[in-house]
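**Student:** TrEMBL lists 119-427 with the feature domain 'SAM-dependent MTase RsmB/NOP-type'. Annotated S-adenosyl-L-methionine binding site per TrEMBL: 259, 286, 304, in sequence order. Residues or ranges marked as active site, nucleophile in TrEMBL: 357.
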């Protein structure tokens, strides 16, 4: 006779998480969108378990295989097993209820822990926590005074520090130290241990501090609109880059911020209002219908369109993602349309920055190359030179006159999200370069 009680149901939260995991693996769907669609579960709990699985996938899958959990229990659903093992070993350390799957996994706890402790699948060390000062609400001097008062120690670097030495300094951060970024004013760098601390901090909640990855801050840094200028952010929500541009402009001038989705438009309005942006004009609409008549006098444009997002380190990845050529082709088509529209529809534009959180050339160098062919009145500027040559990773030099001028942020090398950037300038009438 079985030692398990069959009539007890698996808790709904475990079933909902397993359903998302199974769909994400089998249909290669985004975990984030599947969580958003889930109506009957606690979202934060779902995210926590799936994040733990994503971070420790190799070790968990190997432990399940090594212990024979599924071989000895062929009726146990694979996705549910992964969820329960994740919660038991990497999550809360205990499982709710007395359902058969829960009891089965519980009975394997010692063997699973042994398999994981001997596993060669080491969890990747997370990148540092980047915190940007929102100078609309808090000066850099006041922010530093606050940090010193909280007994944080600033790690000082030489004024002429090399980029390589800067990366060494980030990796060597003590837990009570922070660094000031060498590229972007107002970006603070903390040890990864403090990720959750800053996520729930009062200064973050009140928008004095913004949790924004350093790589995405480079967009506003390269665009560099002067105080008082007119800027267009063509794909603006949720608004982090819009807010940063506002800080760069000292909250003086005008920023048109366009977003097509109603929900994302509301998020854009909320963050710019809460963050003290006085110069942002949010626009709900299709960015391809916006031109110089609707947004006059635009001089600087940020183009940050929808992309595959495979560079984002915050993504919850539950399987080895396959390159989807069909999807990339569609995305690149839209990206070319939007960037080309920026180049051709605003007569006063001086500079355009194109940015994606993708590491695929189809969305990056190839889009840049095609838009330059379609719009010969623009030329590429060197992103590396704009960063005083304190950078390593540029584009693929096989794309002549394109690759060397573009910039990549690579997670393992630059300790940031994976981001691509290109900077365009309108040619002068006598510019035949």
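Every residue, even glycine, has its Cβ placed from backbone N, Cα and C.
Unlike curated records, TrEMBL annotations are generated automatically.
As the structure is a computational prediction, the values presented were derived from the model and not from experiment.
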**Student:** If you average per-residue pLDDT over the domain 'SAM-dependent MTase RsmB/NOP-type' (119-427), what number do you get?
**Tutor:** 95
**Student:** Could you say which of the binding-site residues 259, 286, 304 has its Cβ with the most other Cβ atoms inside 10 Å?
**Tutor:** 259
**Student:** For residue 357 (active site, nucleophile), which residues of its chain lie six or more apart in sequence with Cβ-Cβ distance below 8 Å?
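**Tutor:** Listed in sequence order, they are 216, 307, 309, 310, 311, 312, 417, 418, 419, 420.
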